[in-house]
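In what follows, a single structure is set out as structure tokens and then discussed.
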Amino acid sequence: MVNLNRKSVVKVAARLRPNELPAGSQLPYEVVEPNTIILKEQKIARGDSIEKKHSFTFNQVLQESATQEQVYATTVKPMVDAWINQGKHAAVFAYGFTGTGKSHSLFGTEEQPGLVVLAAQELLDRVDTTSGVSLRVSMYEIAGDSCFDLLAEKNRLKVRTDVHGNIHLRQEGGGSLSRHVVTSMSQFLSLWTSAMKARRVGSSTVHDASSRSHGIVDMQVISDELVEAENRILFSEKELIRLSNEKDDILKARIKEAYEKEGPEALAPGTALAEEMTQLGVPYEEASRALDEERQAYLTLLSEAPAVQQGGFSFIDMAGNDWEKATATQTTLARAEHAAINSSLLAVKECFRALATVPTPARIPFRNSPLTQVLKRHFAPGSLLLMLATLTLPVTSDTEANQTYVRQSLNTLSYAKLVQNKK
């Protein structure tokens, strides 16, 4: 089981995808109980094949025989408990090459439900939704520099920062990332099916349905009072945008009219136009103050809420890291996607590494990518972070193909080792 008290800021669990082993074959790895995996890489030196061993020790190594329920019980369930009992923010990042079981681990199938589904089921079982409290879910993706709501028709989102430094996903015109109350597993699975149909896929070096975006599922337990407070904030934001646009339109028309009649003197301080401009700004300033008050009221209400409502859980299905090398045959769009994926993977790593600095965390560089911006609340001391590094190491008759899988796994494990730096 992943020990949440062990002094590593980011816990790492490596999971091996089950594979058929041909008779007489030897696996290109070995697991040294309970948490060390050794990869065996074949290298050519002076014409001879030599075996080089690479050892990685993590919080946990989950072998092929581990079921979805076992993976959940030993990795995610302790984090869910800490969220419910202590109000922790928690996040699970699934990372690995396409085809290694990232999405299967998180979402699974009807017969083998994944970590997200099992977490939703546990929350529905443990949270009393008859007392004005609800489980609320959002599902969205980040592709390049853009965010998209997977459960809304008007789905393009912008990353916004309020005066308190909190990050929000907003539509143009003041709408927000859609949040859906879930009272049953059938509702949750229906939302998930809709989200997956909207998820972006593209061609990678592994297969033609490789994810070219980071998929994120946010879960929150929230009271009716907090929902009402959020709605008041959204209304105030829309009103502020309306007043800003109205003010700008009137000012443009009046400035143009005055300039045509009186020339530059019309814009001088103390003129009638200058006074009019000041008066036009009054409703906007009043609305801005009202919005600040609504935000402060929400934060006060949240600080007084039970622990479970102060935290939240995110599951991140990261884009396949098989995009690490550009090829000459890629289109301009594909190269841009490849660069954006690499940039976001680097940004996540740098945030994790900043958290691990001693004696206190360094400045967290969460602004380096949209992915780390929207996950800002998780890159804070006290948050619970787990990286699930997924691997597949099949043995085939193609020796070179086998070694390709080994090299890919080395890439994944090396990245995981970097983010696991301990205090």
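Backbone N, Cα and C define each Cβ position, glycine as well.
Per TrEMBL, ATP binding site is recorded for Gly96, Phe97, Thr98, Gly99, Thr100, Gly101, Lys102, Ser103. Per TrEMBL, the feature coiled coil maps to 219-246. For 9-422, the entry in TrEMBL reads domain 'Kinesin motor'.
Listed in chain order, the residues near the ATP site other than Gly96, Phe97, Thr98, Gly99, Thr100, Gly101, Lys102, Ser103 are Arg17, Ala94, His104, Gly320, Thr390, Thr392, each with its Cβ within 8 Å of the site Cβ centroid. Under DSSP, Lys102 (ATP binding site) is assigned to a helix (H, G or I) in the three-state scheme. Across the binding-site residues listed here (Gly96, Gly99, Gly101), the residue whose Cβ sits among the most other Cβ atoms within 10 Å is Gly96.
Of all the binding-site residues listed here (Thr98, Thr100, Ser103), the one with the fewest other CB atoms within 10 A of its own CB is Ser103.
Taking each of the binding-site residues Phe97, Lys102 in turn and counting other Cβ atoms within 10 Å of its Cβ gives the largest count for Lys102.
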